[in-house]
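Below is one structure, written out as structure tokens, with a few remarks after it.
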Amino acid sequence: MTEIGIIAVGGYNEMGRNMTAVRINEDIIIIDMGLRLDRVQIHEDVDIDRMHSLELIEMGAIPDDTIMNEVNGNVRAIVCTHGHLDHIGAISKLAHRYTAPIIATPYTTALIKHQIDSERKFGVKNNIVALKSGDTMEITKDISIEFVNAQHSIIDTVFLAIHTPSGSIIYACDFKLDRTPTIGEMPDFERLTKLGQEGVIALITESTNAGRNGKTPSEMIAHMMLKDVLLGTEESDVGMVVTTFASHIARMNSIVQFASEMGRIPVLLGRSMERYVGTAHQLGYINLPDTVEIYGHRRDIDGALKKIMEKGKDKYLPVVTGHQGEPGAVLSRIANGDTPFKIETGDRIIFSANVIPSPMTQANRYSLETKLKMRGARIYDDVHVSGHAYREDHWELLRMLKPEHVIPAHGTIHMHSEYIQMAEDAGYSLGDTLHLLRNGEELYIEEE
Ligand SMILES: [Zn+2]
């Protein structure tokens with residue numbers, strides 16, 4: 001008899017601060033320790049690197065893991081399935097409380113190390129172990145973990161399979177079923193189907209885009225949209241500035257490649273560009289052309305923008321941070337006229353990103369776009385596809401894995417309800433095989 005507990009620590013009531021614990025009898029595996037950035041941004045002058053975890057828990061910025069004190073068992077591993085901040089951003093605040101290694105894919109472990117290095121309050125000494133997609137690792141004599149290749153909006157994303165004597169538990173947060181990715185392999189459908197045949201006890205999966213119809217467009221579509229915007233024009237000598245997620249390495253790779261095709265030098269500007277793109281380059285996930293320039297510090301960024309103005313905007317393609325209108329990011333500073341880069345009538349600003357639907361972000365973005373337009377910029381927005389599975393992708397994954405139990409995670413109650421409707425269509429029954437969990441709750445499953 002195996003007793004399984006699924007503990008919803010964070011990210012079940014909201015977007016962000018994801019953390020789930022899976023208990024197999026008295027052995028516990030923690031999955032993700034994420035940060036909810038919008039709870040940090042509403043306060044001015046917050047330096048999270050120096051803040052205590054209890055203070056951040058009170059702000060709702062990191063998962064309230066104090067509930068782990070009431071869970072009966074020992075934590076054997078902390079596992080992260082990709083490197084987004086809402087999955088790894090609280091590691092530097094919480095991981096030191098557990099005597100357990102942190103296990104993630106190579107790119108994710110590199111980002112976790114950066115995270116820990118910038119921490120100023122706690123010393124995080126946990127072992128950090130890199131496990132490649134497709135590999136398996138023994139955690140106890142009864143439990144092993146396996147990384148199965150996935151796709152998402154950051155490289156080196158995996159599904160996690162926790163193998164127990166009674167079957168597996170699968171964690172699929174976050175993913176998309178992209179069959180034509182521009183970096184890496186497509187999700188390992190063969191392995192997922194096999195896992196389904198072997199017996200899946202529970203599937204914990206993101207509900208973020210379960211309410212969107214159809215399937216998520218492939219990253220190849222975003223690649224073609226970008227190509228059309230950047231190269232498909234008769235005004236090829238105007239100033240162009242692209243902004244996108246620094247962590248979206250596949251997208252960055254496309255932009256850098258198109259810059260070369262346009263005969264322009266790609267110049268990546270912003271602190272996070274250095275961290276995400278620089279790391280991906282060092283680890284060999286992307287090949288950057290020799291001409292590429294990356295600057296992270298404000299003085300270097302302004303120096304590069306000055307050079308672009310002097311030598312001619314038509315010779316460069318600046319790729320900058322600030323697509324959500326974040327105050328202080330490079331694009332906001334350009335819009336405010338705080339850099340040597342001057343927008344002229346007809347210059348193009350290309351947003352290869354969606355607007356995150358939170359009122360604060362929408363206000364920031366509105367203000368940014370208005371300022372840019374007032375300086376004469378032409379705006380190309382939403383040159384983007386999502387990294388999260390839509391409803392029919394969820395349908396496919398669910399029927400591929402055939403889990404006994406399903407638990408939507410990583411979303412608001414509204415997003416979970418969309419997932420629940422889809423899962424009911426697939427034959428699951430709410431309260432019996434389909435479970436709505438709130439932060440702080442534990443679901444018990446008994447297996448023969
Ligand atoms: Zn993610």
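Using N, Cα and C of the backbone, Cβ positions are placed for all residues, glycine too.
Source: prediction; values computed, not measured.
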Same-site residue for Zn(2+) 1 (record: TrEMBL; known: HIS82, HIS84, HIS152; options: ASP49, ASP174, ASP178): ASP174
Additional site residue, HIS394, HIS405, HIS410 [criterion: listed by TrEMBL with ASP86, HIS87, ASP174 for Zn(2+) 2]: HIS410
Binding-site residues whose CB lies under 6 angstroms from ligand 1, from HIS84, ASP174, HIS384, VAL385, SER386, HIS410: HIS84, ASP174
HIS410 (Zn(2+) 2 binding site) and HIS84 (Zn(2+) 1 binding site), Cα-Cα, nearest whole angstrom: 13
Using Cα positions only, nearest of the binding-site residues to ASP174 (Zn(2+) 1 binding site) (ASP86, HIS87, SER386, HIS388): HIS388
Candidate with the highest Cβ count within 10 Å, taken from the binding-site residues HIS84, HIS152, HIS388: HIS152
